[in-house]
Amino acid sequence: MTGEGSATILLGIDPGSRITGYGVVDVATPTPRYVASGCIRIKSDQLAQKLAQVYAGIGELIGLHRPHEIAIEQVFMSKNADSALKLGQARGTAIVCAANHGLEVFEYAPTQIKQAVTGTGAATKEQVQHMVTAILGLDGVPQADAADALAIALTHAYARQGRSLPPSRGRRRSGSRQRWRDYRPS
């Protein structure tokens with residue numbers, strides 16, 4: 001089920017041991033189209049059960065949306081070693097689930113994702129949410145983990161097209177251009 005040149009449905013995953021965000025986009029046309037997003041909320045305190053819930057949730061998403069490729073965020077260095085280890089375990093669980101479904105997995109660093117979606121690798125979560133909403137033409141702002149997962153899927157879409165930055169999706173007003181340093185979340 002790998003997508004060699006014909007992949008149109010991409011699943012982005014923002015792994016976590018408590019909340020795993022997901023975002024599904026269709027890239028059949030040059031402009032990515034929103035399909036779905038949300039969060040897998042982990043209800044257990046036991047590690048094995050947490051990982052089983054991540055695996056089951058990702059498996060359910062794969063069955064429902066039939067993605068051709070999966071993109072996931074790479075582990076970033078954390079000051080808290082325990083948190084980084086738990087994140088790595090959740091991430092590994094998602095990768096194994098994808099592999100067991102015959103899907104190719106693509107990995108992107110957090111700074112690559114922010115750069116691709118916002119134009120700067122130092123973007124805040126709010127800036128990522130704002131740009132994901134604008135790029136996909138969403139009516140509302142997705143929850144942070146879901147927005148991150150959509151940003152991961154968009155990053156993969158842009159990488160597949162050989163682009164590093166997204167095209168402008170909003171109407172451009174003459175004489176006005178929004179800059180990130182001017183953006184203030186509501």
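Cβ atoms here come from the backbone N, Cα and C positions, even for glycine.
The active site annotation in Swiss-Prot covers ASP14 (among others). In the three-state DSSP classification, ASP14 (active site) falls within a strand.
Under the heading Mg(2+) 1 binding site, Swiss-Prot lists ASP14, ASP145. Within the same chain, residues at least six positions away from ASP14 (active site) with a Cβ under 8 Å of its Cβ are THR20, GLY21, TYR22, GLY23, ILE72, GLU73, ASP145, ALA146, ASP148, ALA149, ILE152.
Annotation note: GLU73 (active site) sits in a strand segment as assigned by DSSP. Here Swiss-Prot flags GLU73 (among others) as active site, drawing on sequence analysis.
If you look up Swiss-Prot, you'll see GLU73 marked as Mg(2+) 2 binding site. Residue environment of GLU73 (active site) contains 25 other Cβ atoms, counted within 10 Å of its Cβ in all protein chains.
Marked as active site by Swiss-Prot on the basis of sequence analysis: ASP145 (among others). According to its DSSP assignment, ASP145 (Mg(2+) 1 binding site) is helical.
Annotated region 'Disordered' per Swiss-Prot: 162-186, in sequence order.
Swiss-Prot lists 169-178 with the feature compositional bias 'Basic residues'.
Using a 10 Å Cβ-Cβ cutoff, ASP145 (Mg(2+) 1 binding site) registers 24 neighbours.
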